[in-house]
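Structure provided below as structure tokens; questions to follow.
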Amino acid sequence: MPSYRSRTTTHGRNMAGARGLWRATGMKDSDFGKPIIAVVNSFTQFVPGHVHLKDLGQMVAREIEAAGGVAKEFNTIAVDDGIAMGHDGMLYSLPSRDLIADSVEYMVNAHCADAMVCISNCDKITPGMLMAALRINIPVVFVSGGPMEAGKVVLKGKEVALDLVDAMVAAADEKYSDEEVLAIEQAACPTCGSCSGMFTANSMNCLTEALGLSLPGNGSTLATHADRKELFLRAGRIVVEMCRRHYEEGDDSVLPRNIATFEAFENAMSLDIAMGGSTNTVLHLLAAAHEAGVDFTMEDIDRLSRRVPCLSKVAPAKSDVHMEDVHRAGGIMAILGELDRAGLLHAHLPTVHSATLGDALNKWDIARTNDPEVQKFFMAAPGGVPTQTAFSQARRWDSLDLDRISGVIRSADHAFSKDGGLAVLSGNVAPDGCIVKTAGVDESILKFSGPAKVFESQDAAVAGILTGQVEAGDVVVIRYEGPKGGPGMQEMLYPTSYLKSKGLGAACALVTDGRFSGGTSGLSIGHVSPEAAEGGTIGLVENGDLINIDIPSRTITLAVADSVLAERRAAMEAKGDAAWQPAKPRPRKVSVALQAYAAMTTSAARGAVRDLSQLKGKG
């Protein structure tokens, strides 16, 4: 029977000093036998997805205390990728994931917490907390801040739904007037919450449902809706129950590593493919699996992508569909239910809220239950009022979207495509693989060939696109933007958005060792591995080289003879210390923190996790 971790600091005569400090935080004699549960919050006023979380940690804390635990809250950092986008701030985004994971580990282990409730939301915060939870392996429940309501604006006499990406595209599109761009900007992000499409934040919060670590509705219930409050309260109650089961009954099944097993990662990736989630989720699932000691690889993702169909298309793949529409169609439980009916789900796995995922689907999948409370839950609608306050409205749709033939969520028999929404490509450009969000690719360019137009930074690519250097038929190559080469593996949302604004969204391809925002659509191929800075073939591509892309065949090929590539590689290696670097120095300040990240990180094909082998024999 495991002992409560917290008793290291609360029991025994020699812990009088520690107990004295605990008393100074408000603990009393009666608290020293209770589980101490960390409420891991991520409130910040910098990020709309986190601006409403300030009081929610204490709300969870009070529920933990009512259930018999002691709650202690702390905050992590949170970077807003949208605000950090398009400048050197984006160098810090992916590294912040590891910083968050480490900070959670430091706080939880330093203070011997028994369990955690992780209150996350945006792009790197959920993955960072997930990595920490699987690393520490104590009972945990995830509850996110929830998605933002979609924006609404009237353009040319017609109301259209909007999100952040629409504002970025419109700003670079000359067909919009300054007044129209301002109207779009003012309406695009109307409320608190994670950006309203199937971008990285919402994708990851949905995947925690499939992993079994969060409650039904976590990924799709709007941040503004009153229904979301119960998710937070229930998380507080459940984590205390899980604590007791583990520490008092010896039940290890509640530990995150026994919930997020290999099969659970298969479930999460299958969901990601079915819903056309962000390509960043590949990076984060690989990293989370690494922390869990689960051998889940790009080969597994490739295998799943060949058999799981695309069951839902949400912005940016379908610009008029947002998370509020997914929720109305039954949320993530409905997509998992369709995967289950198609024989594509491991339904026997445990979750934090139900004995098995199958039990949860029987209760929460609106296609198989007539429970009026469940139906009411998924009818939660946007309020349509700009706000930064959680749970501030209780509006409901008049009906559910139960259409599995042509609705927002479809059955496998009526899938948007038999191929899923994500695919792994490989070839001489990317021997270790690369990722494309097929849900966002126009069918006319699933096969594409064109001459390379090479840029050695995102900034150079943006300038090239905006000044007409990129033409229809080109394959834009952006290199030295990988985990090491950036460093930090910047997102390429501005280049893809500007291609769309120039009418080239379905006329060009973009290939990079960097990554893409969840808001990216088009033939955008990222995570090319090995990256240029590690000697990858992408570093040998020259302007005019023909690149052939064949998504149905899962290939990407540089049409250059092996002998020529060998000559180019030899010439590159002959540069010595200047090899595998941009030909011209970039005006980019790389801080000591970023240099340390670059020294330790691995390729995207491994989730950009740390290479601990570098530590062997040192110190």
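Placement of Cβ uses the backbone N, Cα and C atoms for every residue, glycine included.
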Per Swiss-Prot, which of ASP80, ASP81, ASP166 sits in the Mg(2+) site along with ASP123, LYS124, GLU491?
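Site partner of ASP123, LYS124, GLU491 for Mg(2+), according to Swiss-Prot: ASP81.
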In whole Å, how far does the CA atom of GLU491 (Mg(2+) binding site) lie from that of SER517 (active site, proton acceptor)?
5
Do me a favour and check the Cα-Cα span between CYS122 ([2Fe-2S] cluster binding site) and ASP81 (Mg(2+) binding site); whole Å is fine.
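That comes out at 8 Å between the alpha carbons.
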Rounded to the nearest angstrom, how far is the Cα of ASP81 (Mg(2+) binding site) from the Cα of CYS195 ([2Fe-2S] cluster binding site)?
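ASP81 (Mg(2+) binding site) has its Cα 11 Å from the Cα of CYS195 ([2Fe-2S] cluster binding site).
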So if I measure Cβ to Cβ from ASP81 (Mg(2+) binding site) and keep only same-chain residues at least 6 apart in sequence, which ones fall under 8 Å?
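Expected: MET90, SER93, CYS122, ASP123, LYS124, THR200, GLU491, SER517.
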Need the DSSP three-state call for GLU491 (Mg(2+) binding site) to compare against my parser.
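Reduced to three states, the DSSP call for GLU491 (Mg(2+) binding site) is strand.
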Across all the protein chains here, work out how many other Cβ atoms are within 10 Å of the Cβ of GLU491 (Mg(2+) binding site).
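A 10 Å sphere around the Cβ of GLU491 (Mg(2+) binding site) contains 32 other Cβ atoms.
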